[in-house]
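Per TrEMBL, the features are as follows:
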type: TRANSMEM; residues: B:12-33; note: transmembrane segment
type: TRANSMEM; residues: B:39-57; note: transmembrane segment
type: TRANSMEM; residues: B:88-110; note: transmembrane segment
type: TRANSMEM; residues: B:117-139; note: transmembrane segment
type: TRANSMEM; residues: B:159-177; note: transmembrane segment
type: TRANSMEM; residues: B:208-227; note: transmembrane segment
type: TRANSMEM; residues: B:263-281; note: transmembrane segment
Amino acid sequence: MKDQVEKIIKFHNVSKVFPGVKALNSVRFDIEKGEIHALLGENGAGKSTLLNILHGVYTEYDGEVHLNNQAVKFKNANDAIHHGISKVHQEVSLIPELTVGQNIVLGYEPKKGMLIDNKLIHEQANEILSKLRCNFKSEDKAGSLSTGEMQMVAIAKALYHKAEVISFDEPTASLSKSETDSLFEIINELKQNGITILYVSHRLEEIFEICDRATVLRDGTFIESFYVKDVSKEQLIRKMVGRDVSSFAVRNKKGMIGEETVLEVKGLTINNVYEDISFHLKKGEILGFFGLVGSKRTDVIRTIFGAEKKTNGAILLNGKEVDIKSSEQAVKLGLGLVPENRKTQGFLKFFNNADNIALTKLEKFTKFGLVSHKKKTENCETYINEINLRPANPHYLTHELSGGNQQKVVISKWLSSDASILFLDEPTKGVDVGAKAEIYRVMEGLLEKGKSIIIVSSELPEVLGMSDRIIVMREGHKVIELKNNGLKEEDVLQYAMGVTKNESQVI
Amino acid sequence: MKAKLFSREASLIFAIIMMVIIFSAIEPIYLSGGNLLDIFDQTVINGLLAIGITYAIITGGIDLSIGSIFAVVIVITGDLLVRGMNPVLAITIGMALGFVLGVVNGLLITKLKLQPFIATLGTMSAYRGIAYIYTGGWPVLDIPDNFRSMLAGDVVKDVPVSVIILIAFTIVSHIVLKYTKLGTYIFAIGGNEEATKLSGVNVDRTKILTYALCGVGAALAGMILLARLGSGEPATGQGYELNAIAAAAIGGASLAGGKGNMIATLLGAILLSALKVGLVVVGVDSFWQYIATGAIIVVAAYSEVIQDKFKKLRLVKNKNNNKNTNYPKSVGM
């Protein structure tokens, strides 16, 4: 079996047209049985559309999908699951009030007569969970699990349905390093057991770490399939974007740091969350906050922004102590926050680009108590050019844009309010390579205008590439402050993981 | 222009016209002056309540207490008038009272972080209690004529003051929603409260004002009824909140928040009264009227679902063949 490569899935000239848009254009490639196959491309390249076809979400398309050399056409997602094709979603949604086991078998509960056989559920579920080496039980409530554990439940669910193919869509987006590592171990084990994996991720390092082959899509068209070990990171990116983009966060200009200290934080504390955080930020500086999941870096900046209540400590803006009690006050003081979760915190689903961008400082467009829609639109147009928003239309709903363009809108909110200190929390999460580079350029543009930036990110290359200084946090404490003079990833990571203090106890 | 043709307002106007045609075909009296006046009279009370509650609904909230605020304002202003207070002053006090009771709702919702449904369920009962205690359960009788002619009279012949008040309240509310900061924030909160807060908006203040406006609508409605009847009872207005919600829902306001339109709410209220009056005129048994009202609400809600689907299709279509086709504006704005 191993020598002769067997194709488990064949996409045969698959096209999908949404009214007016060709999302997929005669896509044709194969996936080999038992491999880990990466699906690559920028946002909007057609990855999700292809996955949705494979998983039976979209039922109308042209061309054929072959499963084990047989043309299949799934009626719906359930039908696909019955055919052994399961999906582990980007954000796993479990029903928190049900037990893990109940979540796993949901909709397919084994019965004893008329009643659900709870004993059998837990037996079967625990067997799968132990295979996945989970240290929680089927009887536990799903709501008590961490994100990583929830993902394991999703995998268990796929195994319960005897999946032959499992696709992972950005599975590591909200996982800690150790959770990511154990996920990769499991994925490799699934592979050993003959399960085929389709893997979608924006984190290229991961592709190189676990994937055998990769297929690149661009603008709905198939570009190339290749063995991952045959290409370099740069080559891979070039294939994805079709042009040379330095995906890596690189500062083109350095040394814009001014004399004045614009923000100083002293002994900031929220009891039982984080403790004694002190740092300062200079005009024209980018300060990076790095830490693994659970390091509470997001909580620190949310506190400064007035979104969480501090128990202790002082915040000084331009040398003057301020008591920020609400985000409203923070915004008035010239702060801006690009929050971690764009969709739930960053912008409004029902608002178009012009309205979203204007929201932070409506006064600008208000005369005699009336808001001018025309002025809001004009305001939006200036930022459309500045940030290269696509599609370049103020009246388009932000919600309908790609992740990268949504993020550009969220950043524009603070350009519009003319914030002098900007907090960027995971600014490039779920953002494609091209938009990433553009966001980095916007950041540099802000420095030139004398603004200051704090960037929080779990992508180390980003923090290293963009920051002048880096503060490393771990479990609610500031571990160290590092000047970014040729720092290496390992240097920062060891502090973040606490390796330097206690070699054996890596979280 | 296609988008306009399918707008909520247009389809409601179409529905109202159809209804008038059908009812007047069966019973020509339906179109008589007296009957139309009847429809407007009915619309005024429910319309004012519905406009008020639309504010709350757009923020993703609800105000169940408007029927009780209505009653409190009726008995207290009624009493003040009977004691000889100047009607203009009494009206001002009545509106202020509605405002304050609304602020209390807002405070419960924002400061105690109660769910709007629960908070206003509580005040619905408590305010009703206030109305009873204030009069000891008795009605307020003999409201002076100067007040009655002020709110229940005509501006010019056959144009009642109350209809003008309703239209003015609708237009002002429409402008507030569309062209003021407050209106933008109301939509924003209904769309996503967290994102709104993180944009630097004072969410609490906005919500409190929202419920205050809701109270003002109820106060206006109450005083108009008081003027019409010449007396007021503490038991009046029970269940009115549900009619108001129905009008707002028919007008396309989403109980999930973020969507709503004052003009459409008003049309929803007109549709409901046109239906009720029509059924009476053509002699449908009053029990069947409940079923008809229920059917209208369900049909209106379903048409909203269908409309959303069309909107989505149009959106996808527009994605490619670009420029200035009918992009959806921010929803509801």
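Quick reminder: no glycine exception, Cβ is built from N, Cα and C everywhere.
Because TrEMBL annotations are produced automatically, they should be read as predictions rather than curated entries.
Of the two recorded stretches, the transmembrane segment (B:88-110) lies close to the transmembrane segment (B:208-227), with three or more CB pairs under 8 Å once pairs fewer than 6 apart in sequence are set aside.
Cβ atoms under 8 Å from those of the transmembrane segment (B:117-139) belong to residues 62-65, 67-69, 71-72, 74-76, 79, 101, 104-105, 108-109, 231-235, 238, 241 of the same chain, restricted to positions at least 6 beyond its ends. Long-range contacts of the transmembrane segment (B:39-57) within the same chain, counting only residues at least 6 positions beyond its ends with a Cβ under 8 Å from a Cβ of the stretch, are 63, 66-67, 70, 116, 160, 162-163, 165-166, 169-170, 173, 177, 186, 190, 210-211, 213-218, 220-221, 224-225, 228, 240-241, 243-245, 247-248, 251, 253-255, 257, 260-262, 265-266, 268-270, 272-274, 276-277.
Counted over residue pairs separated by six or more positions, the transmembrane segment (B:159-177) shares fewer than 3 Cβ pairs under 8 angstroms with the transmembrane segment (B:12-33), which leaves the two as not touching.
Counting residues 6+ beyond its ends, the transmembrane segment (B:12-33) has Cβ neighbours under 8 Å at 158, 250-251, 264, 267-268, 270-271, 274-275, 277-278, 281-283 in the same chain.
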